[in-house]
Amino acid sequence: DVVMTQTPASVSEPVGGTVTIKCQASQSIYSNLAWYQZKPGQPPKLLIYKASTLESGVPSRFKGSGSGTDFTLTISDLECADAATYFCQGSBYTGTVFGGGTEVVVKG
């Protein structure tokens, strides 16, 4: 089964800053990678699918890139509302697996 390794576990940046979250798959998953945002008491929100396709209504400040085994989520022009935990989700023929999550703290 594919294993998704997500880094860092936590990151803190000021309002207006940029956060980069990385996700590495143990084997190629092509572009079968999604990113989710989760806030307490709310269901996970899909941000990006197929590695780089922005879900409808998601601001372009969120950018996904990568293919194969290495993927990145970049959040630019950080806003207080971006404070959340972010997860990658990789899929292959065995099913889907989530990364361990990254807590984003926005200062300001």
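Positions of Cβ are set from backbone N, Cα and C atoms, glycine also.
Here is what Swiss-Prot records for this protein:
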- Cys23-Cys88: disulfide bond (DISULFID)
- 1-23: region 'Framework-1' (REGION)
- 24-34: region 'Complementarity-determining-1' (REGION)
- 35-49: region 'Framework-2' (REGION)
- 50-56: region 'Complementarity-determining-2' (REGION)
- 57-88: region 'Framework-3' (REGION)
- 89-97: region 'Complementarity-determining-3' (REGION)
- 98-107: region 'Framework-4' (REGION)
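With a threshold of 8 Å between CB atoms, the same-chain residues lying at least 6 positions outside the region 'Framework-1' (1-23) that come near it are 29, 33, 35, 66, 70-80, 82, 86-90, 92, 94-95, 97-108. Using a cut-off of 8 Å between Cβ atoms, the region 'Complementarity-determining-1' (24-34) and the region 'Framework-4' (98-107) share fewer than three residue pairs, counting only pairs 6 or more apart in sequence.
There are 28 other CB atoms within 10 A of the CB of Cys23 (disulfide bond), with all protein chains counted. Around the Cβ of Cys88 (disulfide bond), the same chain contributes Met4, Gln6, Ile21, Cys23, Leu33, Ala34, Trp35, Tyr36, Phe71, Leu73, Phe98, Gly99, each under 8 angstroms and 6 or more positions distant in sequence. The region 'Complementarity-determining-1' (24-34): residue composition by secondary structure is 0 helix, 4 strand, 7 coil, according to DSSP.
In this structure, Cys88 (disulfide bond) is part of a beta strand by DSSP. Looking at the region 'Framework-3' (57-88) alone, the prediction's average pLDDT is 99.
According to DSSP, the secondary structure content of the region 'Framework-2' (35-49) in residues is 0 helix, 9 strand, 6 coil.
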